[in-house]
Amino acid sequence: MSRPFPGSMALSVPEVEKQMPAEPQPGHEQQSWWCLVFFLCFYGFMAQMRPGESFITPYLLGPDKNFTQTQVTNEITPVLSYSYLAVLVPIFLLTDYLCYKPVLLLQGLSYVSVWLLLLFGSTVLHMQFMEFFFSITMAARIAYSSYIFSLVPPARYQRMASYSRASVLLGVFTSSVLGQLLVTVGRVAFSTLNYISLAFLTFSLVLALFLKRPKRSLFFNRGVPGPAGAAPSELDQMNPGQAKAAGAKPGWLPATWRDSTFVRMPGELGRAVRLPQLRLWSLWWVFNSAGYYLIVYYVHILWNVVHPTTDTTRVYNGAADAASTLLGALTSFAAGFVKIRWALWARLVIAVVTVLQAGLVFLMYKTDDIWLCYAAFVLFRGSYQFLVPIATFQIAASLSQELRALVFGINTFLATVLKTVITLIVSDKRGLGLPVHSQFLVYFVYFLVLFAAYFLAAVLVGLRHFQQSRHQPLPAAQELMSPMQEKATQDGAQLPALEDGVFAVGELSPQSEAKA
């Protein structure tokens with residue numbers, strides 16, 4: 001993912017390889033590394049321990065809070081989309097400017113606030129504030145995903161990504177299973193479950209106090225020396241002489257501004273958007289993730305409509321969340337072994353997955369069997385997670401680290417804007433204010449329209465391909481190369497290993513963002 005554009009690197013490939021640090025030797029440094037890994041992963045695991053999260057909706061609709069379905073569907077839940085849109089960009093910038101740890105503390109405080117409001121709030125306004133604080137926790141998840149790579153050298157990125165991803169997924173899975181066991185086997189009341197969640201979250205907040213605050217971040221604090229062996233900023237290496245040459249000519253920007261990352265970045269981003277695969281997968285990220293999270297936000301309300309019961313031991317939301325997390329992890333892992341010519345078949349693959357999602361959404365809308373509804377959601381979530389790592393790689397294949405973070409940030413922001421607009425029109429009482437069943441019919445049509453667009457694009461690409469009589473197929477590995485790699489291959493240079501550390505940022509976010 002950390003591969004820049006052709007001609008944008010002052011360093012040759014062998015010089016880049018020299019900057020990659022060797023693995024630390026066994027000894028005190030190795031012991032310190034494992035202590036750091038253990039603490040970071042333990043914190044990531046504990047931050048996911050919210051066994052009451054899967055049961056928030058039945059808790060709000062039950063005798064403990066006694067809100068109506070209309071209030072939860074059309075007044076409380078829509079606030080999550082609005083507030084997430086409002087806090088996403090500020091928290092993204094604060095995360096980098098404050099070097100991660102303060103935002104992790106803010107996330108912990110927000111989680112505690114969410115469960116305090118759930119336990120002691122009694123009005124719709126209280127629950128709307130609860131959704132606001134929950135949106136802060138969602139936006140702040142990027143802090144952990146980025147933080148773990150600010151403390152380790154690049155040679156450790158791949159393993160750190162693997163360990164941190166496993167710890168978060170294990171935390172989500174364990175939390176869901178624990179909540180289900182406490183409700184079904186232990187017959188624990190939803191209110192007691194929320195007290196248990198509050199205790200776990202308070203403990204994770206205490207753990208966050210002991211996290212090390214790094215001195216180096218991606219954009220604002222790059223000039224401060226990072227950890228031993230940390231690679232310099234890739235944008236710092238972009239056309240170092242070109243900016244100086246441009247500075248010799250009169251311009252409306254001071255020379256220091258012209259040489260800054262934020263001035264050079266739009267130009268590099270403009271080159272990136274010309275890449276067809278980047279455009280395709282970015283559009284997929286925006287449109288499909290918006291629909292995905294609308295389903296995730298409202299499916300718990302749908303479950304309560306399909307299977308209204310006063311017997312809390314027969315509510316299996318935690319089991320469904322656990323199964324969907326496990327299947328999502330398996331499909332994400334399996335996606336890494338798919339070897340096809342993505343430039344030719346990507347649109348068809350997306351179309352097939354999208355029509356499957358449309359069918360599953362329609363099944364959730366139509367069925368009166370709660371187990372079919374559970375199963376449809378599990379498969380829906382697993383199918384989305386199958387494409388997430390593929391989209392992550394395809395989007396980032398030609399981008400430097402800074403541009404990669406920026407593109408993913410833009411995609412997430414645009415998806416949030418789209419999701420908010422749909423929420424305002426479909427869900428909010430100031431819009432159509434549709435009941436949850438009717439909303440799922442709208443989401444079915446939404447995915448059906450996406451399928452039609454992807455399928456038409458796949459047909460056009462296929463026709464164009466078969467009309468090219470002199471078409472020479474590219475090997476699969478070459479299609480996934482960035483322009484820098486292609487040039488290096490042509491020059492006979494050996495390519496550096498791909499750092500997939502930041503891949504986890506794109507992959508973790510959907511996995512851990514389930515909202516009851």
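Each residue's number is its place along the chain shown, starting with 1.
Cβ coordinates are placed from backbone N, Cα and C, and glycine is handled just like the others.
Database features, via TrEMBL:
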- 33-49: transmembrane segment (TRANSMEM)
- 79-98: transmembrane segment (TRANSMEM)
- 105-126: transmembrane segment (TRANSMEM)
- 132-154: transmembrane segment (TRANSMEM)
- 166-186: transmembrane segment (TRANSMEM)
- 192-211: transmembrane segment (TRANSMEM)
- 281-303: transmembrane segment (TRANSMEM)
- 315-337: transmembrane segment (TRANSMEM)
- 344-365: transmembrane segment (TRANSMEM)
- 371-393: transmembrane segment (TRANSMEM)
- 405-426: transmembrane segment (TRANSMEM)
- 441-463: transmembrane segment (TRANSMEM)
Intrachain neighbours beyond the transmembrane segment (371-393), with Cβ under 8 angstroms and 6 or more residues off its ends: 1, 281, 284-285, 288-289, 292, 295-296, 299, 302-303, 306-307, 316, 319-320, 323-325, 327-332, 334-336, 338, 342, 349-350, 353, 356-357, 360-361, 363-364, 480, 503, 506-507, 510-511
Positions whose Cβ lies under 8 angstroms from the transmembrane segment (166-186), at least six residues beyond its ends: 40-42, 44-55, 144, 193, 196, 312-319, 321-322, 325-326, 329, 508, 511-512, 514
Intrachain neighbours beyond the transmembrane segment (105-126), with Cβ under 8 angstroms and 6 or more residues off its ends: 47, 50, 52, 56, 59, 65, 67, 71, 75-76, 91, 133-134, 136-137, 140-141, 143-144, 191, 194-195, 197-198, 201-202, 204-205, 208-209
